[in-house]
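J.: Pasting the feature list from Swiss-Prot:
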- Cys80, Cys85, Cys100: [2Fe-2S] cluster binding site (BINDING)
- Cys171, Cys174, Cys177, Cys238: [4Fe-4S] cluster binding site (BINDING)
- Cys181, Cys228, Cys234: [3Fe-4S] cluster binding site (BINDING)
- Trp186: ubiquinone binding site (BINDING)
- 28-119: domain '2Fe-2S ferredoxin-type' (DOMAIN)
- 161-191: domain '4Fe-4S ferredoxin-type' (DOMAIN)
Amino acid sequence: MVELRLPSNSVVKKGRVHKAQQEMLKPRKVQVYRYDPDLNKNPTIDSFEIDLSKTGPMVLDALIKIKNEIDSTLTFRRSCREGICGSCAMNIDGTNTLACIKPIEDISGDIKIYPLPHMKVVKDLVPDMSHFYTQYESIEPWLKNDNPAPSNSERLQSIQDREKLDGLYECILCACCSTSCPSYWWNSDKYLGPAILLQAYRWIADSRDDNTGARLEALEDPFKLYRCHTIMNCTKTCPKGLNPAKAIGRVKSLIAERHGV
């Protein structure tokens, strides 16, 4: 009988407890995943007590307060603080989302924060996005048109053609959807995942691009595209309210149409 075991250093252990140093008006406990590969130790869950009466309304505000006032070694990405850049994507209360737009008041009980799942962790809440960006590069996410552009203007679109990009161009590549997808967990070495496939369709749907056939051929692969099993986690978790599953379905339909199906 085959017996499978996780490496001993993959077990998450209880970490440090940072208790309140003074009385708080609105005390709240924040549990944060901590891991530093350079230390060659197990990841831990550290606990911090903070006063929400002296903290901003979003989970990112709580993390910044912890880093500034309690533990400066806590590591996470952040930038815009308004749901535009995608830097602060992480798993909060069991759901992949952006810390900067996740209200603390929406979370009952302790605030539990982990890095995006099924990605190598650089440190603490920082995932390694290298493979994700390599996959993004593979779809050639730029306008491809062999015809010269008009000399005195941009390549124009009709209002109707421009509207076809709504729900696609807004993707901020935060990877919340891809890292919520079981198919991506299992086959991320070959399956492009919902974020990249939505981005691929964004260029396929662009009327200014004349490389549609080649783009579809590049995706016609048992793993790149067809590992999508319509689980729909991607659509449920997208912090921008987009529908990657719909975009993937449209790519599949276009490929079928090319084969006369």
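The backbone N, Cα and C atoms fix where each Cβ goes, and this holds for glycine too.
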J.: Sort out the sequence-distant neighbours of Cys238 ([4Fe-4S] cluster binding site) for me: same chain, 6+ apart, CB within less than 8 Å of its CB, listed by position.
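T.: In sequence order, the residues whose Cβ lies under 8 Å from that of Cys238 ([4Fe-4S] cluster binding site) (at least 6 apart) are Cys176, Cys177, Pro244.
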J.: What is the pLDDT of the domain '2Fe-2S ferredoxin-type' (28-119) when averaged and given as a whole number?
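T.: So the average pLDDT across the domain '2Fe-2S ferredoxin-type' (28-119) works out to 97.
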J.: Taking DSSP as the reference, which of helix, strand or coil describes Cys234 ([3Fe-4S] cluster binding site)?
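T.: The residue in question, Cys234 ([3Fe-4S] cluster binding site), is helix (DSSP, three-state).
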J.: Where does Cys177 ([4Fe-4S] cluster binding site) sit in the DSSP three-state scheme?
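T.: The three-state answer is coil.
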J.: Sort out the residues at least 6 away from either end of the domain '4Fe-4S ferredoxin-type' (161-191), same chain, that have Cβ-Cβ distances under 8 Å to it, and list them.
T.: 83-87, 89, 95-98, 116-119, 127, 129, 131-132, 136, 198-199, 201-202, 205-207, 221, 223-224, 227-229, 231, 233-240, 242-244, 246-247
J.: In angstrom units, rounded to an integer, how far apart are the Cα atoms of Cys85 ([2Fe-2S] cluster binding site) and Cys234 ([3Fe-4S] cluster binding site)?
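T.: Cys234 ([3Fe-4S] cluster binding site) has its Cα 18 Å from the Cα of Cys85 ([2Fe-2S] cluster binding site).
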J.: Out of the binding-site residues Cys80, Cys100, Cys174, Trp186, give me the one sitting nearest to Cys234 ([3Fe-4S] cluster binding site) by CA distance.
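T.: Looking at Cα distances from Cys234 ([3Fe-4S] cluster binding site), the smallest one goes to Cys174.
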J.: Cβ atoms within 10 Å, counted per site: which of Cys85, Cys100, Cys171, Cys177, Cys228 has the most, among these binding-site residues?
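T.: That would be Cys177, with the highest Cβ count within 10 Å.
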J.: Rank aside, I only need the closest one: which of the binding-site residues Cys171, Cys174, Cys181, Trp186 has its C-alpha nearest to that of Cys80 ([2Fe-2S] cluster binding site)?
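T.: Sorting the binding-site residues by distance from Cys80 ([2Fe-2S] cluster binding site), the top entry is Cys174.
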J.: Count up the helix, strand and coil residues in the domain '2Fe-2S ferredoxin-type' (28-119) according to DSSP, in that order.
T.: 23 helix, 29 strand, 40 coil
J.: Starting from each candidate's C-beta and looking 10 angstroms out, tell me which of the binding-site residues Cys80, Cys174, Cys181, Cys234 has the most other C-beta atoms.
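T.: For the binding-site residues Cys80, Cys174, Cys181, Cys234, the Cβ with the most other Cβ atoms within 10 Å is Cys234.
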